[in-house]
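*Asks:* Annotation source TrEMBL lists active site, acyl-thioester intermediate at C211. For R106, G107, G108, Q109, I110, T111, F112, H113, A180, V181, G182, G193, V194, A195, the entry in TrEMBL reads substrate binding site. Annotation source TrEMBL lists domain 'BPL/LPL catalytic' at 52-221. The site 'Lowers pKa of active site Cys' annotation in TrEMBL covers K177.
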Amino acid sequence: MSAPRFLRLFLISRNHTIPYAHAQTIQENLVAEFLKHKAIVSSRNPPSPLPPAPTPTIFAFSPEPVYTTGRREAGLLTASQIRQLREPLVTSDGSTQVAGIFEAKRGGQITFHGPGQVVIYPIFDIKSIRSEKFPHGLTARQYVELLEETTIETLKLRNIDSFRTNAPGVWVSPSEKIAAVGIHMRRNIASYGVAINVATDLRWFDRIVACGLEGKSMTSI
């Protein structure tokens, strides 16, 4: 397999939100590039020379308000829960916003994404990124740990001390999470990633048990 070029950054300014469904379309198109390449190079009669591997991409954006469920909760929201999640919220500038609801392919349970949050989706083949520490590429667990550690190092730039626990995500105290992590893998192609609360209206989280963690709360930079 040809070595990947590293790295492409696809950034939509956090000062401008986009519909979450639009972000998912972008992500799915990027993933499709990798899957198509894998299908070509693993075919019975691959072309010679092989086409170059797609460029690993970091896709970063801030979405319009949306609640997303993970794979284990797909189709399980009741009509009453849906009505509650879609109740309008008056924001600090006096405007009214209504959150959408989206069934995501990632692991984990329900969470909120919205304005003031930076959502970061690295899209690449986890087996293609090799080093002395990871001579055969990353496992899914190693990749999640790498996402969390990278987020911790990023928060240090804002003088914020954070850490990992047995629960997924990045925490600033035993009960307060500042960043959520959830991924999806298909043929070792990673999608989804991490969501960091920068200036998020935390009232959106009052309607859910974020990531299924009872007694825990979300916080923001």
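Glycine is no exception: its Cβ is also placed from the backbone N, Cα and C atoms.
Quick caveat, the model's predicted, so the values are computed rather than measured.
How buried are the listed features, and what sits near them?
*Replies:* The secondary structure of C211 (active site, acyl-thioester intermediate), as reduced to three states from DSSP, is helical. Under a cutoff of 8 A between CB atoms, and with a sequence separation of 6+ in the same chain, the neighbours of C211 (active site, acyl-thioester intermediate) are G108, Q109, I110, T111, A167, P168, G169, K177, A180, G182.
Look at I110 (substrate binding site): DSSP puts it in coil.
Taking the domain 'BPL/LPL catalytic' (52-221) as a whole, pLDDT averages 93 in the prediction.
Other Cβ atoms within 10 Å of the Cβ of K177 (site 'Lowers pKa of active site Cys') number 26 in total over all chains.
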*Asks:* Let me know the largest Cα to Cα distance in Å among the substrate-binding residues R106, G107, G108, Q109, I110, T111, F112, H113, A180, V181, G182, G193, V194, A195, as an integer.
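*Replies:* Across R106, G107, G108, Q109, I110, T111, F112, H113, A180, V181, G182, G193, V194, A195, the widest Cα separation comes out at 15 Å.
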